[in-house]
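Quick notes on the structure that follows.
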Amino acid sequence: MKKMTRKLLNFMSTRLGFVLTLLCFYWLKTMWAYTVDFNLDIQGFYQAFLAFVNPIPLGLLFIGLALYFKRSAIFYGFSIFVYILLFIWLFSNAVYYREFSDFVTVNTMMASSSVSAGLGEAALGLFRPWDIIYLIDFPILGYLMYKKLIRVDHRPFNKRASFAITALSTMLFTANLFLAEIDRPQLLTRGFSNYYVVRALGLPAFLGYSGNQTYQANKERSKASAEDLKPVEEYIQNHYAEPNKDYFGIAKGRNVIYVHLESFQQFLIDYKLQTDGKSYEVTPFLNSLYHSNSTLAFSNVFNQVKAGKTSDAETMIETGLFGLNQGSFMVNYGGTNTQQAAPFILSKNGDYTSAVFHGNAGSFWNRNTAYKQWGYNYFFDASYFTKQDDTNSFQYGLNDKIMLKDSIKYLERLQQPFYVKYITVSNHYPYTTSLIGDEIGFPLAKTKDETINGYFATANYLDSSVKALFDYLKKSGLYDNSIIVLYGDHFGISQTRNPNLAPLVGKTSETWSNYDNAMMQRVPYMVVIPGMDKGKIIDTYGGQVDMLPTLEHLLGIDSKNYLQVGQDMLSTQHQQITAFRSSNNFVTPKYTSFNGRTYYTQTGEEITNPDETIKKELDDIRNAANTQLKISDAIQTGDLIRFYEGNDLGKVDVKKYSYNHSFKALKKIEEEKGDQSTSLYSQRKGESTIDLFDAPSYRALHPEQFESTSSSEDSSESSSDSSSSSSSSSSKQ
């Protein structure tokens with residue numbers, strides 16, 4: 001054994017041996033990540049083989065470049081430097097994947113400065129005890145070199161041999177790529193999935209692929225022209241869904257209040273958490289809205305976000321266009337592209353005033369820039385609200401009840417009709433840090449995943465916050481002349497955690513499938529129209545990209561003159577083909593395709609051997625879904641709206657907007673309008689409505705729960721005292 005160890009250390013003390021040692025460590029770490037952190041959905045020996053070998057070619061190529069250096073200091077310094085870069089790239093993806101179920105792209109890295117605010121604590125929550133595996137080789141190598149068990153090799157490596165290593169690694173990568181193309185033809189040209197690229201070629205190759213995608217996107221914008229609008233306009237015209245006459249204009253002229261339900265999934269509606277032998281309704285108020293005669297509630301609306309998550313959802317509801325396949329549209333294009341978004345459209349069709357309320361930094365997702373391109377008059381970010389501290393906020397911003405209460409002094413000064421959006425944050429990952437003090441009390445689920453356990457409590461808090469807002473709207477008089485739209489932005493529980501969630505939703509982790517993952521992408525979409533009695537639960541299939549055309553038609557604004565790829569979900573012409581942001585993933589009332597698997601939507605049965613009829617149906621649906629994405633991408637990446645002349649909206653003059661002194665601007669407009677001011681504050685003759693907002697804590701809303709707990713504790717203490725007294729008496733005897 002000692003002899004073998006000595007031989008191994010002697011080999012590691014050569015330059016080639018040192019390179020192969022680093023490569024071996026990198027390969028082991030990659031295998032660990034593939035097995036523990038990533039879900040690559042590996043099917044069969046062939047894909048397993050590709051995943052097994054793909055770290056080697058590029059790992060050897062990059063680390064092996066050190067062999068060209070003659071001086072030992074440069075050789076060892078360069079090889080270790082490259083190894084550290086490979087480690088950072090691998091580990092960053094492992095941590096990122098735990099939350100986003102995706103890999104880090106070049107666009108994501110370019111956007112990092114705009115999404116970094118407030119992420120510290122949440123990022124720390126993504127680390128796992130087993131991450132020590134990623135680091136353990138560094139002290140081992142350091143020890144071996146310090147003790148000179150691995151000795152410095154001062155002999156230069158043969159130049160021809162260095163070239164041979166480079167040639168070998170290049171040949172291995174070429175072979176890897178060839179085999180990957182056999183497994184998945186047109187892997188790099190059709191953009192099936194980031195998963196496929198990593199599974200077949202590895203993370204370094206994915207970085208190159210992502211960089212090329214980013215370059216191509218930027219190049220598309222620079223070479224786009226008005227000619228590119230022709231196929232886009234043809235598509236928009238052919239896919240226009242006429243309004244449903246029963247609903248068109250039913251909310252014309254009303255205030256529009258969007259309520260963004262952070263990380264809220266459809267399965268929470270009517271859900272009751274069973275724990276300790278009791279049943280707890282998670283979202284009682286939202287449930288009441290869902291079943292109200294004043295609500296158009298959609299049961300089969302799916303989120304269509306990707307890495308941009310919340311920003312993707314905002315992009316879709318505001319523009320009727322998708323976010324990007326990589327990165328965030330708001331970050332990468334939001335400040336530069338010409339947009340015809342909801343705030344701008346409504347300002348030209350009803351003289352709407354627009355505003356956003358959000359208790360986080362204005363720079364998060366580049367909102368303070370993108371909102372100007374969308375035509376938002378005002379943006380009230382964290383700087384307008386109560387100063388944040390440990391008692392009222394967490395890493396993603398001010399807690400919802402406080403933000404909502406603070407917003408009233410601004411809301412009541414807005415000229416009506418207004419279009420406003422409330423972006424909530426408290427129901428945000430990790431679901432374990434946002435609730436404080438008297439807001440703690442809703443039972444936690446009992447799984448091995450703390451994120452899942454806390455999800456229901458923060459959802460209950462969000463429900464209570466929304467109820468407080470509705471109560472205020474009714475007390476203030478705004479309710480009857482408003483339309484309130486509630487939507488979920490994206491999943492709250494990621495795919496990697498879904499198996500742990502399975503028992504809570506009547507499933508098992510062993511039988512959990514990609515069909516279940518697809519169904520978990522459903523999010524609430526509810527349109528509350530006070531005074532309406534046509535409310536119902538609608539089973540139409542749709543997505544977030546369909547929300548703007550639906551809203552426009554309810555307000556009496558025809559969507560046909562705008563470059564929007566979504567369709568009115570109330571229209572009888574709505575196609576019910578919902579494309580997920582990843583190519584070839586879709587859901588219809590009949591079929592669901594997700595992560596390379598296809599199912600019957602109504603039963604969840606997998607389709608493994610489709611006949612020719614089903615194949616044609618699936619191909620037609622897939623083409624329709626991919627075409628919708630392609631048209632949207634052409635508009636977004638080519639900035640094609642700058643060439644569009646199909647309406648008289650014109651372009652947003654972003655120079656008119658400044659979000660630094662919004663409250664002063666509101667008061668100034670009231671003064672200028674005088675008796676013509678339509679703000680709620682003016683209508684009430686200067687009487688504020690701030691005191692009408694009341695958001696009781698969980699403890700205040702459920703005193704019986706705490707009384708029961710207190711009684712139980714008192715009883716336990718009494719029993720303990722009695723037992724202690726008895727024990728003491730016995731010992732005296």
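For all residues, glycine too, the Cβ spot is worked out from N, Cα and C.
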Checklist outcome for this item: Which of E262, E281, E450, E510 shares the Mn(2+) site with T310, D489, H490 in TrEMBL? The record says E262
Item to check | Feature transmembrane segment in TrEMBL, mapped to one of the ranges 21-40, 161-180 | outcome: 161-180
Next on the checklist: Could you tell me the mean pLDDT the prediction assigns to the domain 'Sulfatase N-terminal' (254-557)?
Outcome noted: 96
Checklist entry - For the recorded Mn(2+) site formed by E262, T310, D489, H490, which further same-chain residues have Cβ atoms within 8 Å of the site's Cβ center? => result H260, L261, S263, F264, N303, V305, K309, A313, G488
Checklist entry - Rounded to the nearest angstrom, how far is the Cα of T310 (active site) from the Cα of D489 (Mn(2+) binding site)? => result 6
Item to check | Nearest recorded site to H428 (substrate binding site) by CA-CA distance, among recorded positions E262, T310, H490 | outcome: E262
Checklist entry - Cβ distance under 8 Å to E262 (Mn(2+) binding site), same chain, sequence separation 6 or more: which residues? => result T310, I423, T424, V425, S426, N427, H428, L462, D489
